[in-house]
Amino acid sequence: MCEPMLHGENEESGLRHYCGVFGAVAIEPWPTELDIPRIITLGLVGLQHRGQESAGIVTTTGEEGQFITKKGMGLVEQIFKNEDMIKLKGNLGIGHTRYSTMGGSELINIQPFVVNTAHGKIAVAHNGEIVNAPALRHKLLKSGVGLSTDSDSELITQFLTHPPSCGEPNGANWINRIKSMMEVATLSYALLIMYKDVIYAVRDPFGNRPLSIGKILPPSFKRMDLVPDEDIEGFVVGSETCSFHTIGAKFYRDVLPGEIVEISKSGIKSCGIVPRPNGQLPAFCIFEYVYFARADSVFESQMVYTARQRCGRQLALEAPADADIVSTVPESATPSAVEYAKTVGLPYTEIFSKNRYIGRTFIQPTTRLRQLGVAKKFGPLTDNFDGKRIVLIDDSIVRGNTMQALVKLLKKYGAKEVHVRVASPPIKYPCYMGINIPTKQELIANRIPLEDLPQHLCADSVKYLSIEGLVKAVQEGIKDNGQAVGHCTACLSGDYPVKLDW
Ligand SMILES: O=P(O)(O)OC[C@H]1O[C@H](OP(=O)(O)OP(=O)(O)O)[C@H](O)[C@@H]1O
Ligand SMILES: NC(=O)CC[C@H](N)C(=O)O
Ligand code: SF4
Ligand SMILES: [Mg+2]
């Protein structure tokens with residue numbers, strides 16, 4: 001007998017809370033004919049999966065002091081209307097779509113943050129979480145700077161208004177200001193900083209959060225790689241390259257860990273790299289590959305879809321199962337499931353139809369509906385699995401709500417056996433770098449011993465990918481270009497990129 005749902009009241013699933021940043025700059029001549037506000041809006045729509053609480057856009061013509069801002073709660077499409085597109089007209093701009101990690105989900109914390117400095121306005125968009133924010137906040141307040149929110153992103157913004165300790169004999173030196181900020185805050189951020197006519201794109205020295213640059217091409221181009229440089233219409237920079245497709249931009253390169261890149265109407269210029277303390281390895285969030293990112297995004301020269309396929313292959317090698325079919329928990333587990341099936345030589349068969357429109361808003365109206373739990377997001381394709389032994393692949397198990405509900409559903413509708421295989425290791429530790437992982441007690445890996453998990457999930461067996469297997473599967477596809485490679489696995493291993501002494 002499998003156990004009753006322990007978390008029937010809590011229908012949340014998965015890991016939550018990461019943000020998307022997106023910026024665009026038109027190349028000369030200015031005023032541009034490019035529709036910068038629409039490009040940024042579409043870019044943010046492409047990043048909507050990274051944050052759905054609120055969004056904001058700040059644009060400028062590039063003249064001193066002229067920043068135009070529009071912010072709102074909700075989805076990108078609900079916030080930015082036609083009339084905003086007219087108001088936001090400009091030559092460059094940055095945008096943000098938010099899941100809050102520090103500072104509540106309310107109007108005052110919506111990004112980009114805009115502040116006046118002694119040299120004019122800056123606008124800042126941030127994905128990540130400043131791990132030593134409490135200490136930095138204390139330092140800043142003690143120095144007499146007032147803060148109007150609890151947001152760590154406002155904190156960074158205020159740090160940038162300070163001249164660096166080496167002084168500024170020739171006026172504001174933004175590169176030195178950014179470097180000074182990076183030295184006191186080493187984790188975690190992908191940042192876009194807009195000042196006058198440039199955008200600085202910055203990744204923390206560990207490269208924990210992703211950030212890539214693309215080129216805007218003429219709509220008539222036939223093959224991306226054949227567009228000559230002189231035909232490029234502008235540049236974009238964003239959290240994921242999937243946001244480039246929507247606007248006809250081509251991926252150019254990643255911002256490197258610790259790098260500051262200046263993007264202006266005349267091109268892209270690297271302004272240096274802030275090194276990691278003690279020569280440590282980078283710590284790019286491995287969960288971007290496992291679950292967060294869209295499958296069509298490219299990180300570290302490889303497509304997320306392909307990395308997920310390799311996780312599926314590795315899982316098949318580590319944890320094969322005796323069964324009739326292999327299937328997926330849609331949607332992010334699908335590449336792993338397809339490859340698992342291929343590797344073990346079993347047919348890949350779809351067994352669920354997922355209703356993407358059941359969001360949190362519709363959840364919990366009555367006890368009866370609540371008891372249906374996560375399962376009401378999925379419809380069983382019964383003809384495909386009746387009487388069969390199924391290997392069911394998911395990319396991750398967090399609270400176990402999804403898996404328990406789905407295995408029960410499959411058994412109810414005639415599955416003979418269900419063998420659960422997970423294409424990432426058990427999640428056991430909190431994340432301090434911008435991902436809201438449930439409390440230790442909520443994580444199923446801390447609540448139920450592995451040997452009791454099949455019974456708890458109603459399954460016939462349960463196996464996870466190993467940490468070594470995941471790291472191998474992800475790193476195998478990264479081309480050697482002389483750059484150091486390293487990934488954060490802290491929520492799986494407890495091994496944090498920086499010592500937790502704050
Ligand atoms: O153990 P739980 O807490 O239930 O969470 C785990 C599930 O949550 C995520 O899926 P999600 O439904 O968020 O979306 P997806 O379509 O991207 O897979 C993840 O892919 C797992 O399926
Ligand atoms: N998820 C994120 O990256 C959030 C960024 C920032 N910490 C905020 O709460 O606004
Ligand atoms: S702890 Fe986990 S979720 Fe957080 S950055 Fe590291 S790998 Fe990503
Ligand atoms: Mg899922």
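Glycine is no exception: its Cβ is also placed from the backbone N, Cα and C atoms.
For reference, TrEMBL has these:
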- Cys19: active site, nucleophile (ACT_SITE)
- Cys285, Cys431, Cys488, Cys491: [4Fe-4S] cluster binding site (BINDING)
- Ser332, Asp394, Asp395: Mg(2+) binding site (BINDING)
- 19-266: domain 'Glutamine amidotransferase type-2' (DOMAIN)
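Put simply, the residue listed as 'active site, nucleophile' is 23 Å from Asp394 (Mg(2+) binding site) when counted between their Cα atoms. Around Asp395 (Mg(2+) binding site), the C-beta neighbours below 8 angstroms that are at least 6 residues distant in the chain are Val290, Tyr291, Arg308, Cys311, Val329, Ser332, Ala333, Ser336, Val422, Ala423, Ser424. Screening the binding-site residues Cys285, Asp394, Asp395 for a C-beta under 6 A from any atom of ligand 1 leaves Asp394, Asp395. By the rule that a residue counts when its Cβ sits under 6 Å from some atom of ligand 2, the recorded positions Cys19, Cys285, Asp394, Asp395, Cys488, Cys491 yield Cys19. Cys488 ([4Fe-4S] cluster binding site) sits 18 Å from Cys19 (active site, nucleophile), taking the Cα positions as reference.
Taking the Cα atom of each, Cys285 ([4Fe-4S] cluster binding site) and the residue listed as 'active site, nucleophile' are about 13 angstrom apart. A Cβ distance below 6 Å to any atom of ligand 4 is met, among the binding-site residues Ser332, Cys431, Cys491, by Ser332. Using a 10 Å radius centred on the Cβ of Cys431 ([4Fe-4S] cluster binding site) and all shown protein chains, the other Cβ atoms total 23. The CA atom of Cys431 ([4Fe-4S] cluster binding site) is located 15 Å away from the CA atom of Cys19 (active site, nucleophile). Here the binding-site residues are Ser332, Cys488, Cys491, and the one whose Cβ sees the fewest other Cβ atoms within 10 Å is Ser332. Taking Cys19, Ser332, Asp394, Asp395 as the candidate recorded positions, the subset whose CB lies under 6 angstroms from any atom of ligand 3 is empty.
Cα-Cα distance from Cys491 ([4Fe-4S] cluster binding site) to Cys19 (active site, nucleophile): 18 Å (rounded to the nearest whole number).
The [4Fe-4S] cluster site, placed at the center of the C-beta atoms of Cys285, Cys431, Cys488, Cys491, has further neighbours from the same chain whose C-beta lies within 8 angstroms: Asn208, Ile286, Phe287, Met433, Ile435, Thr489, Ala490. Using a 10 Å Cβ-Cβ cutoff, Asp394 (Mg(2+) binding site) registers 23 neighbours.
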